[in-house]
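A.B. asks: Okay, so Swiss-Prot annotates it like this:
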type: TRANSMEM; residues: 19-39; note: transmembrane segment
type: TRANSMEM; residues: 50-70; note: transmembrane segment
type: TRANSMEM; residues: 80-100; note: transmembrane segment
type: TRANSMEM; residues: 118-138; note: transmembrane segment
type: TRANSMEM; residues: 148-168; note: transmembrane segment
Amino acid sequence: MKQLLDFLPLLVFFAVYKFFDIYAATGALIVATLIQLIATYALYKKIEKMHLITFALVASFGTATLIFHDDAFIKWKVTIVYALFAIALIAGQFLGKPILKSMLGQEMPVDDKIWARLTWYWVLFFVACGLINIYVAFSLSQETWVNFKVFGLTAATLVNTLLTVVYLFKHLPEDKKKELK
């Protein structure tokens, strides 16, 4: 259910874009992201910080897109979100509180050097996605950008997550590997 809620705004954005335009899709994205927050709180009695930050960015950049009737704002939002993810990972690493380890460390007890490698891997991934988004958003058609945002970035993130799990599994202690099989 949680994963469905996470994809709800993206699916709504895509569907509304296909039937209307980028401005209707942006308005729908703002509403869907707000509904996501409310539903998440209703179901789980808490809202993750990242969801609040994402909503703030969607609401502000989406509103700017609608007020100025300029899709550049919503296109930049994607790159800014990826930049914030990368900055958060770097900050956590330098402050001695690796974010990936805090999220997955109990289930995947691997050495700190593995967590550090994964952190930098994800930082590079987020930076690459942000830069590629800029290229696609401002060099190719709007429709190409929407498809890239919805399918390309989602697929890249899923593949990256799978590669991360495989890498972590490879470095797990043998007893933990048996437990997970």
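Note: Cβ is positioned from N, Cα and C throughout, glycine not excepted.
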A.B. asks: Among 19-39, 50-70, 80-100, 148-168, which stretch has the most Cβ pairs under 8 Å to the transmembrane segment (118-138)?
C.D. replies: 80-100
A.B. asks: May I ask which of the stretches 50-70, 80-100, 148-168 has the most CB pairs under 8 A with the transmembrane segment (19-39)?
C.D. replies: 50-70
A.B. asks: Under an 8 Å Cβ to Cβ limit, what residues of the same chain, 6 or more beyond the ends of the transmembrane segment (50-70), are close to it?
C.D. replies: 9, 22-23, 26-27, 29-30, 33-34, 36-37, 40, 76-77, 80-81, 84
